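Some features that TrEMBL has for this protein:
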ACT_SITE  Glu63  active site, proton donor
BINDING   Asn50, Ile51, Glu52, Asn53, Ala54, Ser55, Tyr56  substrate binding site
BINDING   Cys61, Cys94, Cys97  Zn(2+) binding site
DOMAIN    9-136  domain 'CMP/dCMP-type deaminase'
Amino acid sequence: MKYLDKIDEQTAYFLNLAKEAQKKAYAPYSRFRVGAAAVGSSSKVYTGCNIENASYPLSMCAERVALFKAISEGESEIKALYIIGPENEPISPCGACRQVIFELAKDSTIYLSNFDMTKVIETNSKELLPYGFDLK
């Protein structure tokens, strides 16, 4: 896990796609808006935002929405996952998202960003969840 001193054009491009998705978040309860962009091995990009529900456990995080969209549309491998949050510090995926990332984006590079992309962490699923659950 490392902080990037400077982000390149590609990272900025995908984080901006995540930021656009973030604007679509349905977060009337927490007001905590998150966006994500998953890049498949086909190079197609799948974006997602968090969607809350009055029955809070039924809510869905942005990164899971993006990953589930990718898989449901036929992607077999995720190359990279970009997640952007609403605060001054980089976003940190919840435990459920870490498990889903561990399974669906196991070998991908993951970028965790703050709102204005001035603080970005580059990591991977094994760093986020060193002992993820696996039936293999």
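Glycine is treated like the rest: Cβ placed from N, Cα and C.
Under the DSSP three-state reduction, Ile51 (substrate binding site) is assigned to strand. Taking Glu52 (substrate binding site) as the reference point, the recorded positions whose C-alpha atoms are within 10 Å of its C-alpha, out of Cys61, Glu63, Cys94, Cys97, are Cys61. For Cys61 (Zn(2+) binding site), the same-chain residues 6+ apart in sequence whose C-beta sits under 8 angstroms from its C-beta are Val34, Asn50, Pro93, Cys94, Ala96, Cys97. Within the domain 'CMP/dCMP-type deaminase' (9-136), the DSSP-based counts of helix, strand and coil residues read 42 helix, 31 strand, 55 coil. Note: the Cα of Ile51 (substrate binding site) and the Cα of Glu63 (active site, proton donor) are spaced 11 Å from each other.
A distance of 17 Å separates the Cα atom of Asn53 (substrate binding site) from that of the residue listed as 'active site, proton donor'. Tyr56 (substrate binding site) sits 17 Å from the residue listed as 'active site, proton donor', taking the CA atoms of both as reference points.
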